[in-house]
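Taken from Swiss-Prot, the feature active site, proton acceptor applies to 165, 284, supported by sequence analysis. The substrate binding site annotation in Swiss-Prot covers 113, 163, 167, 285, 317, 369, and the record cites sequence analysis as its basis. According to Swiss-Prot, the feature Mg(2+) binding site maps to 191, 193, 194, an assignment based on sequence analysis. According to Swiss-Prot, the feature N6,N6,N6-trimethyllysine maps to 4. Annotation comment: Swiss-Prot describes 191 as N6-carboxylysine, evidence class sequence analysis. Per Swiss-Prot, site 'Transition state stabilizer' is recorded for 324.
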């Protein structure tokens with residue numbers, strides 16, 4: 001037999017500190033917490049091995065391939081400041097390990113097996129560098145930011161949305177009525193909640209019809225283009241595409257998908273359909289916190305956001321920095337830039353471990369949603385800038401006078417903030433004053449200001 005049987009240390013093969021990374025490599029930064037007694041080099045090498053070519057023992061079929069050409073390599077390890085026994089392990093994967101245009105295959109390879117590994121107490125994928133050669137195998141977002149603005153004819157400000165509540169239990173006609181009132185009041189979009197699919201109290205086809213009616217009625221009355229994110233997520237891909245086809249036949253501008261529960265394969269198929277048929281695609285990240293909330297185990301959301309840009313979506317929820325859900329400001333802004341910009345420099349302060357060049361893949365609009373109201377408007381305008389969607393669910397429907405006045409209040413607040421910013425005023429310092437002054441001319445906004453109290457915001 002021409003090979004030496006038996007178990008050998010991973011680090012002998014997979015820890016290569018002298019390796020020069022190639023432009024075509026996919027690079028990963030893992031936060032590794034080894035079990036007591038396991039050296040960090042062995043833990044990092046184990047991750048590289050188990051997520052590429054390795055298995056636990058030497059096998060004779062290793063001799064039939066060129067391991068050097070195909071193996072993942074742990075090329076650098078650094079300890080995490082302020083954390084005991086935590087390391088960042090950098091791993092380089094040769095491009096040939098991955099199927100072109102498949103986020104599913106990329107994740108199956110990189111995170112598929114290694115997270116249950118005994119030598120590790122915990123493991124978190126913090127960032128990925130997707131090389132241009134691999135980016136180019138993806139279609140990416142169906143349309144992107146510029147095309148969306150042109151389709152909607154809306155420029156120079158963030159877009160406004162609202163999730164229809166209560167999310168479950170309304171009949172289709174009442175649901176459509178709520179949509180109409182919000183759009184009529186001045187919002188650009190309304191939204192199906194992520195778990196509104198096709199339940200007994202409201203089947204999808206009825207909802208699509210009544211929402212389309214609401215959209216057209218509001219468009220006629222306001223002279224603006226309106227949309228409602230019709231959730232096409234379904235139990236099978238075929239059913240999902242059937243719903244997308246019906247939305248296209250109704251002539252509505254945008255549909256929606258839950259990309260993590262629906263899965264990357266379904267999402268990429270839907271994104272291709274949307275580009276071919278002129279539909280915008282709104283993406284909800286339901287289930288993300290299961291994967292990304294633990295600080296030392298799982299996958300950071302910036303990786304899920306990059307994966308979505310590759311798989312395809314025109315909007316994605318990205319946290320608010322100011323509302324009811326968790327999100328640290330610099331880190332959030334880091335992945336907001338990763339969604340929108342063509343080229344992003346490495347910036348460890350914002351959690352960006354690698355420079356990322358998207359080579360002409362269209363951008364994705366970040367959606368701020370969750371516990372926000374009119375007093376947050378100056379902060380949101382300042383933090384997210386024009387290329388974003390600000391979504392006020394309770395902050396619209398919770399208005400004491402109803403949905404349409406709630407929508408008016410949000411639109412007036414937004415226009416006031418954009419105007420103040422364009423005049424060179426400091427939204428951080430004068431935010432509350434700007435909202436108060438706008439409220440003098442808008443009873444709807446004044447009423448909203450009463451219900452939700454001013455916030456102290458430092459930014």
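Yeah, the Cβs are placed from backbone N, Cα and C, and that goes for glycine too.
On the structure: features taken from Swiss-Prot.
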residue	record	DSSP class
113	substrate binding site	coil
163	substrate binding site	strand
191	Mg(2+) binding site	strand
284	active site, proton acceptor	strand
317	substrate binding site	strand
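Checked against residue 191 (Mg(2+) binding site) by C-alpha proximity, the recorded positions 4, 163, 167 yield 163 as the nearest. The Cα atom of residue 113 (substrate binding site) lies nearest to that of 284, taking the recorded positions 165, 193, 194, 284 as the candidates.
Considering only the recorded positions 4, 165, the Cβ with the fewest other Cβ atoms within 10 Å is that of 4.
Recorded residues residue 165 (active site, proton acceptor) and residue 284 (active site, proton acceptor) have their alpha carbons 16 Å apart, per Cα-Cα distance.
What surrounds the Mg(2+) site, by Cβ distance within 8 Å of the Cβ centroid and not counting 191, 193, 194, is the set 163, 164, 167, 192, 195, 196, 229, 231, 256, 284 from the same chain. Calculated from their C-alpha atoms, the gap between residue 167 (substrate binding site) and residue 194 (Mg(2+) binding site) amounts to 9 Å. Taking the C-alpha positions, the distance from residue 285 (substrate binding site) to residue 4 (N6,N6,N6-trimethyllysine) comes to 48 Å. Counting only same-chain residues six or more apart in sequence, the Cβ atoms lying under 8 angstroms from the Cβ of residue 163 (substrate binding site) belong to 190, 191, 192, 193, 369, 391, 393. Same-chain residues at least 6 positions away in sequence with a Cβ under 8 Å from that of residue 284 (active site, proton acceptor) are, in sequence order, 194, 231, 256, 257, 258, 259, 316, 317.
By a simple count of nearby Cβ atoms, those within 10 Å, the most crowded of the binding-site residues 167, 191, 285, 317 is 191. In three-state terms derived from DSSP, residue 369 (substrate binding site) belongs to an extended strand segment.
In the three-state DSSP classification, residue 4 (N6,N6,N6-trimethyllysine) falls within coil.
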